[in-house]
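K.L.:
Sharing a structure, written as structure tokens. Questions coming.
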Amino acid sequence: MTFTTESMVASRPRRKPAGKPLAGSSWTLAIAVAIAALTLTPLGFVFWATVATGWETASQLIFRSRVGDLLFNTVALIVFTVPVATVLATALAWLTERTDLPGAKLWAWLAIVPLAIPAFVQSYAWIGMWPRLNGLGAGVAISVVTYFPFVYLPVSAALRLIDPALEDQAASLGLSPAAVLRRVVLPQLRLSLCGGALLISLHLLSEYGLYAMIRFDTFTTAILDQFQSTYNGVAAHMLALVLVACCFVLIGVDAAMRGRRRYARLGSGVARHPVRASLGVWRYPCLLLPVVTTAVSLGVPVMTLGRWLIAGGADIWQFSEIGLALSQTLTICVIGGVATAAAAVPIAWLSVRRPTRSSRFLEGCYYLASSMPGVVVALALVTISIRVMLPLYQTVATIVIAYVIMFLPRALVSLRASIAQVPAELEQAAESLGRSPARALWSTTVRLAAPGAASAMALSSLGIMNELTATQMLAPNGTRTLAMAFWALTSEIDYAGAAPYALLMILFSLPLTLLLHHQSKKIAGR
């Protein structure tokens, strides 16, 4: 059996579906192209706004001290947060997946639970505990405990997939355990580390509520402040241009760090499951890391929420207002989740059943569009709806379009995986039994891929439920979601009144977060 020293996944050769071409594939491609054009609207808007503003005005707005300060804050936030979160998540993943750490399964579950807590709720919890918390240090600390699961999930999945035979071979050549980790294991985690770090970086660029609460200025907080003060002003557009440029830089750095190396396992046979290493005398000292991480990422929010709920008593449970916010949140989540999953179907189908350069290009467009911060997406749709399609301004249709642009990749990943697990031969067998192509499709692929579609809707709804910036800018008048109600009350320093809304957001997000964890284990074959 032959292995590369940088293999990561035991990949199976892609099998091309036999039989006649997929019926209606040209229509499917046309729909996928139309959706890609829609998702790239914010990017086109940014370039259009720059051209329309003119170079002289644009340069005056971009090259000023205020933008320099925002750029410094943003770069410093990324430079300090990403390495700390990456090291923390990687250490936790190794302890929970590769060692005999006591309660490893429990700590693995607790490591992803912070994803159920919106970033602005984490900030609210820390402010409730330490009211004077502010500045870069506070931003880094809260960002680390909020976003480290974005690295933990892919790294833990990769650690489950690595064939331990590679490590055995390296050890047989005389390498120490530390050298095996450095020269064999870490190189195989490169894709997972880069992907998780990119996700954290993009979230740092787009987050608003977390940094607004601790009075730390970033491009997103400045754009929203500018939007609220001058409403659709040119200065906000130019700040959006710089923010988009930062996104492109991050994507470019990620692509460069990934490289072109091969990470797939070669040869016949099946990879063994990794054997957990014994920590020996370090077994209980190592337990401090997950304990402390859980205490700061979950303990602080739980303690703060509990304190405010007790302090507020029964008076804060205004069931008519809470019920209205909950019903509007669930309605938007259902509509947005269904729309996002439906928009992902054409390209998911093409990428599995008709993989071509065109389908890969369209898929890349979707991921590029989703990297745009919510404030940029919202700013683009506000401007376009006012100038071109005024009847759509502040309607459900506009906000659903924003959700599709922002969360389509979440749905695409789930749908693509579920469709790939359905052999095309099943449709052909159904047709050979006399069923029409439509009935054959419905009775085989659609039914078997239904769980993946449900997962796509659930994961999209998780993002929609906790989305604040785009919802505030685009929601119809009278809309009051849980996130909007929470933000309004915290803006009035009514922390006790905001507690029920924070609690509901966490409770409804928790099952969707566990679904995400289940998916990562399923992909890893566990």
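Using N, Cα and C of the backbone, Cβ positions are placed for all residues, glycine too.
Copied straight from TrEMBL:
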- 71-252: domain 'ABC transmembrane type-1' (DOMAIN)
- 326-516: domain 'ABC transmembrane type-1' (DOMAIN)
- 1-22: region 'Disordered' (REGION)
- 21-50: transmembrane segment (TRANSMEM)
- 70-94: transmembrane segment (TRANSMEM)
- 106-127: transmembrane segment (TRANSMEM)
- 133-153: transmembrane segment (TRANSMEM)
- 234-256: transmembrane segment (TRANSMEM)
- 286-309: transmembrane segment (TRANSMEM)
- 329-352: transmembrane segment (TRANSMEM)
- 364-386: transmembrane segment (TRANSMEM)
- 392-413: transmembrane segment (TRANSMEM)
- 445-465: transmembrane segment (TRANSMEM)
- 498-516: transmembrane segment (TRANSMEM)
K.L.:
Applying the under-8 angstroms CB criterion, which one of 21-50, 106-127, 234-256, 364-386 scores highest with the transmembrane segment (286-309)?
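P.N.:
The stretch with the most close Cβ contacts to the transmembrane segment (286-309) is 106-127.
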K.L.:
Take a look at 21-50, 70-94, 133-153 and tell me which one has the most Cβ pairs under 8 Å to the transmembrane segment (234-256).
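P.N.:
By the under-8 Å Cβ criterion, the transmembrane segment (234-256) pairs most with 21-50.
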K.L.:
Which sequence-distant residues neighbour the transmembrane segment (133-153)? Criterion: at least 6 residues beyond either end, Cβ under 8 Å.
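P.N.:
Contacts with the transmembrane segment (133-153): 73, 76-77, 80-81, 84-86, 88-90, 92-93, 111-112, 114-115, 117, 119, 122-123, 126-127, 192-193, 196-197, 199-200, 203-204, 207, 210-211, 214-216, 293, 296-297, 300, 516-517, 520.
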